[in-house]
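Quick look at what TrEMBL annotates:
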- 20-39: transmembrane segment (TRANSMEM)
- 99-118: transmembrane segment (TRANSMEM)
- 125-145: transmembrane segment (TRANSMEM)
- 172-189: transmembrane segment (TRANSMEM)
- 223-243: transmembrane segment (TRANSMEM)
- 255-284: transmembrane segment (TRANSMEM)
- 296-319: transmembrane segment (TRANSMEM)
Amino acid sequence: MSAHLNTTTHQAPAPAKYRLGDKIAAGLVLLLALIPLVSGDGFSLRFGAEILLIGTAVMSLNLLIGGGGLVSLGHAAVFGAAGYSAAVAAGSWGAQLPVMLVIGIFAGMLIASIIGLVTLRSAGLFFLVLTLVVGQMVWELAFRWRDVTGGADGLRGFPKLALGSLRLDTPLALYLVAAAIALVGWAVTRSFQRAPIGQALAGVRDQPIRMGALGYQVGRIRVTAFLLAGAVAGAAGAIYPFVNQYIGPNSVHWSMSAALIIMAVIGGVGSLYGGYLGALVYLFVQTEVSSYTDRWQLVIGLIFVATVILMPNGIAHWLGQRGVRGGRS
């Protein structure tokens, strides 16, 4: 995978002509999020919660890729480390929702800060390789530290998620928790993008030398972006084991990071809504096609190639263009 993804096409704030398209994309995400609630069955609710949590992780990665041009192959380590930390803590202290979120956010920020500091002075291919190395170090720890992480078998059978005396282990409760995390994560990421530091991050992406000459602390801006992305992904990762009822080393493997990047590209690099659309497409194909053949990854590959050729800016921006044209007709 090339380290030079096109991350400069979409900058914040978006032009006015795309606002209608953004509303269409947001409306589609909201509509899709309501489908599991309407269906009401446990599988749909858990599957919807998984899409929301992984979509939130993709959205946080999109902040790095679209906002800062930072294509990370270690983001699954951020997401998965939060899941492992929450699962291990739940076994010792119980699975109280606030505690799980705090632990997950802290773990996500810790791994993200390590990636940010290690890659502080790197760019392009070197940046990509360094993120891969850090991510694989986390995977090695999860795979080898069997007494804590369960090794290759992973962890399962941890306590049920709860809020005080209120149990949150039903599919509906887990879905609502995932939806709340997705909503708060979206609001935080959107606020960051629109804040001066978000604009500075875009400047660092496009003209890092000039930004440094103007007095901006380029390294601090990049690390701050990593910390925010780590916090958002960590919050989602903390709940993921309770939805999936399992956490294993594949959750922190580089292949999971590659999958998150594929979701970002399919949904739309630089789009906050694109992460959820990409996660929906990827996980739907994985779930449905794998029930017929074990070559579901080939289908994902074909969808990825078709997206790059026909919708190079992803589904979200393609919907935006359709919305703009529809508004003019």
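Here the Cβ of each residue, glycine as well, is placed from N, Cα and C on the backbone.
Automatic prediction, not curation, is the source of TrEMBL annotations.
Quantities reported herein were computed from a predicted structural model and do not represent experimental measurements.
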If you count every Cβ pair below 8 Å, which range out of 99-118, 223-243, 296-319 shares the most with the transmembrane segment (255-284)?
296-319
Intrachain residues whose Cβ lies under 8 Å of the transmembrane segment (223-243), provided they are six or more past its termini:
46, 49-50, 52-54, 56-57, 59-61, 63-64, 67-68, 70, 75, 78-87, 90, 95, 100-101, 103-113, 115-117, 120, 155, 158, 160-161, 168-169, 174, 177-178, 181-182, 184-185, 188-189, 192, 197, 201, 251
